[in-house]
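Student: Have a look at this one before I ask anything.
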Amino acid sequence: MTSLIRSERVAAGLLLLAAVVGLVVANTPAGPGLLAWADGHLALPAIGVDLSLRHWVSDGLLVVFFFIVAVELKHEFLAGGLNSVSRALVPAIAAVGGVVVPALVYLAITAGSGLERGWPVPTATDIAFALGVLAVFGRGLPAAVRVFLLALAVLDDLIAIGIIAVFFTTGLDLGALAIAVAGVVLFAVVGRLGVGRTGAARIAVVALLVLVALVTWWATLSSGIHATIAGVALGFALPRLSGLRAAHALEPASNGIVLPLFAFSAALVAIPAIGLAELAPAFWGIALALPLGKLVGITAGGLLGAWVARRRGSAGGLAVPDLVTVSLLGGIGFTVSLLMSELAFAGLDDVRDEGTLAVLLGSGVAIVAAAVTLSIRSRRARRAGAAADDDDATRDDFPAHADGGPARA
């Protein structure tokens, strides 16, 4: 069961199902009651935490997802596809293009509206969803496509984490921040002490790590920095192999519980009974910037990166059709974009709801466009592979020289 939930296809399917169910239920007669329940608060006075149920998911449970993202980032930088400048160059430039162009598209559409603060929303790529769509529709494509998408999404996540840390930190409490930093350092020390431990000693180390992680989360939340940054810092703090083991253990919970719950709670939005002309500019900015901005930005960045790489004597990246396909997958914002919308439009409930709908619409357009393109590319790749296999079989079965001489290749 856990191996099934780890599947990229299943993870993407659960995310999509949860979002659809949340959106549908929110617009039924049960919707108002469910929305009121989701916005109800659950307080822990002893530690000074008072969050709505939505925020317990986005500020609490989602930390697990960001911990796993940080572990994957660290692995890619130390031993994966980003462990050298030459390997990281093209996806890095493509990732920058995939952030800058959507932000510019959004700002161009919302200029003068007072809603420019939402520019980070269309800059994110949902790594789990994008890889899931690729796994479903991209069979037979070169392995380099998945490697490039993974590197691109990892770098995109790194930029998104930086945006959250820099632009969504308010009222910094230096005392709480000091506790959070101390917690991360202690987490790193305990993590290294746990290397090679077995039995009761290993259980004790894991229990201590969980306790330190909870304290670090509380201190980060109290400091004014978004709590998901705690997950990022803790993920980077663990030794690489220990982090990979921890991420592997947490992945079923993240894919099967955390991400679907977040998608469900974020999609609990009542569709406004207004005309298209009455929608806020932020809606159009996000809905267009995700599929269109990402397509243009990643493609242009990838082509620029390939040119720079060739000038340096390195490999030039993907073929243009595959780069366009990856660019469409990059337009699937979903998880991180939904979080960005929640943060950017805090206090503007109507705009936040429209932002959520725009993320769902823009990501949906990107999913459909990517699925169609992947299906076409995949069909051609499988056909080319079958033709090559037939050609090889013909050469083996019918040598050019029947007299025992060498067959001609």
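Using N, Cα and C of the backbone, Cβ positions are placed for all residues, glycine too.
According to Swiss-Prot, the feature region 'Disordered' maps to 384-409. The annotation transmembrane segment is assigned in Swiss-Prot to 10-30, 60-80, 89-109, 118-138, 148-168, 171-191, 203-223, 224-244, 257-277, 283-303, 328-348, 356-376.
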Student: Do we see three or more Cβ pairs under 8 Å linking the transmembrane segment (328-348) and the transmembrane segment (148-168), pairs being at least 6 apart in sequence?
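Tutor: Yes; at least 3 Cβ pairs under 8 Å.
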Student: With pairs fewer than 6 apart in sequence excluded, do the transmembrane segment (224-244) and the transmembrane segment (283-303) have three or more C-beta pairs that lie under 8 Å?
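Tutor: With fewer than 3 qualifying Cβ pairs, these stretches do not touch.
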Student: For the transmembrane segment (10-30), give me same-chain residues lying six or more residues beyond its boundaries with a C-beta closer than 8 angstroms to one of its C-beta atoms, as numbers and ranges.
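Tutor: Same-chain residues near the transmembrane segment (10-30) but 6 or more away: 4, 126, 128-129, 131-133, 135-136, 255-256, 259-261, 263-271, 334-335, 360, 367.
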Student: Who are the long-range neighbours of the transmembrane segment (356-376) in its own chain, taking Cβ under 8 Å and residues 6 or more past its ends?
Tutor: 16, 19, 23, 121-122, 126, 129-130, 133-134, 136-138, 141, 266-267, 269, 271, 282-291, 294, 324-325, 328-334, 337-338, 341-342
Student: By a Cβ-Cβ criterion of under 8 Å, what residues six or more beyond either terminus of the transmembrane segment (148-168) are in contact with it?
Tutor: 66, 69-70, 72-73, 76, 81-82, 87-88, 90-92, 94-96, 98-99, 120, 123-127, 130-131, 134, 225-226, 228-229, 232, 298, 317-318, 322-323, 326, 329-330, 336, 339-340, 343-344
